[in-house]
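**Q** Please read through the structure below; I'll follow up with questions.
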Amino acid sequence: MRRIEVRSAAGTYPIMLGADVFTQAGSLVLELGFRRGTKVTIITDDTVASLPFADTVLTSLDEAGFVTQTLTVPAGDSSKSMDMAIDLYRGLLKFGMRRSDLVVALGGGVVGDLAGFVAATYLRGIAFVQAPTTLLAHDSSIGGKVGINLPEGKNLVGAFYPPRAVLYDLSALRYLPVRQWTNGMAEVIKHGIIANPELFANLEAKPLTECPLPDTLEPILAAAIQVKVDVVQADERESGRRQVLNVGHTIGHAIEQRSHYQLGHGEAISIGMVLETKLAQARNLLAQADALRIVSVLEAHGLPVRTPADEFSELRGLIDVDKKHGSALWTFALPVAIGDVRVVSDVRPEEVEAVYVQSLRAAVRCQGHKLT
Ligand SMILES: NC(=O)c1ccc[n+]([C@@H]2O[C@H](COP(=O)([O-])OP(=O)(O)OC[C@H]3O[C@@H](n4cnc5c(N)ncnc54)[C@H](O)[C@@H]3O)[C@@H](O)[C@H]2O)c1
Ligand SMILES: O=C(O)C(=O)C[C@@H](O)[C@H](O)[C@H](O)COP(=O)(O)O
Ligand SMILES: [Zn+2]
């Protein structure tokens, strides 16, 4: 089992990464200092609850002497809501959860963000452990961003609230449908674009279109995780450097929400990365060869790269509520090389619209070719 430490203002926490982490969940939680008899609520979703490893985690915690319950929410981004958070608070209260007790978020980014938000706010904050089960969650489980969506935009309510540990069992990933695997690759590729050109080149040379065996996967995932760890350690509360993790997200979040979550987070961010790559090119920040490499590697992984049919006017308001903007001008994290992303805070909405409209026209032309 590989151990990666994350320094945070609230203390250092470990990421335990390996193929046999969940069977040891109970002893790992004891090692964190929680005593036998502590109440542990596992928060998960209804898909994950039915997979064999959910039982493995529960059994391991029971055998270690914890008093457990499981609370289940429907799978999907619509569970990242205040209504769902309130249901969960009540579930915790009913079970008698105190400040010394523990929440375990077992699932993908939706469960991690929601359960983390509930843990951050229940009784003004109780401890939680992230137990990510999707590839995408190599990103969401680290760094302490927790939150819920509003109808007006993604992740508009939340906190920076680091977990006590991240227990990442790679054997859970073999249950992922291909679409979910691919969805997660968007954030792995993103981490390469941000700060690891070697990781990016490896993905170009050998696209990971399905879940490989843990021995192959572990070093790749560890490299992507290390990019995230380095960034959040440098700027935990996103006052500057951390904004680079948002490459592809300023437009991608709007596209994700506008699709009513028919597009997965990684799928929307893939389209967002393509459009933001074009914005970087339009500003002469990125060479054409690098722009082509970004689009090609996303395509090679089966990720969507075409602009959806939405009019820009339908996205503008959603982009406008992005938390990074400081004024009427927009803030974007733009790729400037493979392995380097720069934050720019003087983007006029009209510039984005021009790039978007041009890409939309190109996408429609392409479709026309296919039909004829
Ligand atoms: N907090 C952060 O830093 C951060 C970072 C990236 C993304 N996010 C958020 O994460 C969310 C997306 O996360 P996600 O893509 O993991 O989505 P998700 O949590 O909805 O999981 C995707 C689907 O896979 C299923 N699933 C989970 N584990 C599985 C497994 N092992 N086998 C089979 N099916 C499994 C889930 O039930 C769900 O249907 C978005 O809400 C996004 O905003 C947060
Ligand atoms: O950890 C971060 O910081 C990120 O930006 C990671 C993103 O992949 C993630 O989607 C995050 O939830 C976006 O946060 P937001 O603050 O833009 O809502
Ligand atoms: Zn993301």
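Along the chain as shown, residues are numbered 1 onward.
Using N, Cα and C of the backbone, Cβ positions are placed for all residues, glycine too.
All annotation found in TrEMBL is predicted automatically rather than curated by experts.
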**Q** Of Glu187, Glu198, Glu314, Glu350, which one shares the Zn(2+) site with His249, His265 in TrEMBL?
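**A** That Zn(2+) site, as TrEMBL gives it, pairs His249, His265 with Glu187.
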**Q** Tell me the Cα distance separating Thr134 (NAD(+) binding site) from His249 (Zn(2+) binding site), rounded to the nearest angstrom.
**A** 19
**Q** Sequence gap of 6 or more, Cβ distance under 8 Å: name the residues on the same chain that satisfy this around Thr134 (NAD(+) binding site), in order along the sequence.
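**A** Looking at Cβ-Cβ distances below 8 Å from Thr134 (NAD(+) binding site), excluding near sequence neighbours, one finds Gly107, Gly108, Gly109, Leu173, Leu176, Gln180, Asn183, Gly184.
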**Q** Cβ under 6 Å from an atom of ligand 1: which of these binding-site residues qualify? The list is Gly109, Asp113, Thr134, His249, His265.
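**A** Listed by sequence, the hits are Gly109, Asp113, Thr134, His265.
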**Q** Cα of Val111 (NAD(+) binding site) to Cα of His265 (Zn(2+) binding site): how many Å, rounded?
**A** 14
